[in-house]
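**Student:** Here's a structure for you.
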Amino acid sequence: MVSTQFAALKDVADAQFGLITHTQLHALGFPRSRVRHRVESGRWQAVLHGVYSVSNGPITREMSLEAALLFGGNGAVLSHHTAAEEWHMIRVDPARPVHITVPYGRSAITQPPTVVGAGLASVSLCHREGSVVHPGVVVHRSRAHDYIAVDTDQPRTARADTALDVAVAEPTARDAYTRLIALVTNARIPLRDIRRRMEARRPRRYGKALVDAARLLADGVQSVLEYRYATDVEDAHGLPRARRQSPVVVDGRTLRGLRLLRPRCAAHRATRRSRRARHGGDRVPGPSTRQRRGTAGASTTRLRVRRGDEESVCSGPGSGDRAGAGGVDQARRKHLRGL
């Protein structure tokens, strides 16, 4: 009987990173007294309330996350900053508590960090009294729980929901505005997903700031640096909006080229008209598929800055011959002077 119990315990613990809950132990026939004895003797350790490790070694990150999910019960998912860490949106902070989201009606509550007591420290060489075993759990509840989870090895909220949750958790609307832009651009989250989730699951606060952030992203801002330029330079000094990160559709794929351009001048429009006239129609013959792909690919690695009637091309690493680009600029300037 005992061997059968331990075999079943091993199967359950192996599937849960060496962790097991009090409910599972009770179902396997382990009385509370036996569990207490194993914890007090240092053979097991209490990770969270009702969650135990069947070893006395260090708790890894996977074990820490799994313990939080086991504590939350069926349906619990990693969310907020913890999900952002797992999606590689932000850096992992081992001291940060694990955030989980559970359905409404669940009785789980936020747990403080678990520290090593004197009893475990006296019988275990791996632990020092007062050291942190688990950073704690922050429990959130959501009525849209069934629509925000992604079925990964350790369930977590979807990327768009994660970005919005982290932004809403910021202390001010300005911080939420900046955080959403940083998360969306760094993690390359499609803007349509952000807008869809904002419509289906309205943020509990900072709604206007997040809508403004989505609008700025739709204008082409694709980095925090561009956001700083748009707000601290263009808005602060009343400058017209630049056309940045213009979408280019190539064979059904939407690419974005970095273009910080002023409105086209009269000479540029005249050049376009004369080019159309030379071809005897309103449309210039289109390039081949290979040329379209090459042009779109080059536009994503090239910065075009228009100065008056001239245009200089600053090629990025590996984007082409600088001498060739200079020749194109010289020919364009000569043509513009003749207009």
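Placed from the backbone N, Cα and C atoms, the Cβ positions cover glycine too.
Copying in the features that TrEMBL gives for the protein in this structure:
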| type | residues | note |
| --- | --- | --- |
| COMPBIAS | 266-278 | compositional bias 'Basic residues' |
| COMPBIAS | 317-327 | compositional bias 'Gly residues' |
| DOMAIN | 9-53 | domain 'AbiEi antitoxin N-terminal' |
| REGION | 266-339 | region 'Disordered' |
**Student:** Count the residues of the domain 'AbiEi antitoxin N-terminal' (9-53) that DSSP assigns to helix (H, G, I), to strand (E, B) and to coil, and report the three numbers in that order.
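**Tutor:** Output for the domain 'AbiEi antitoxin N-terminal' (9-53) reads 21 helix, 10 strand, 14 coil.
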**Student:** Need one number: mean pLDDT over the domain 'AbiEi antitoxin N-terminal' (9-53).
**Tutor:** 92
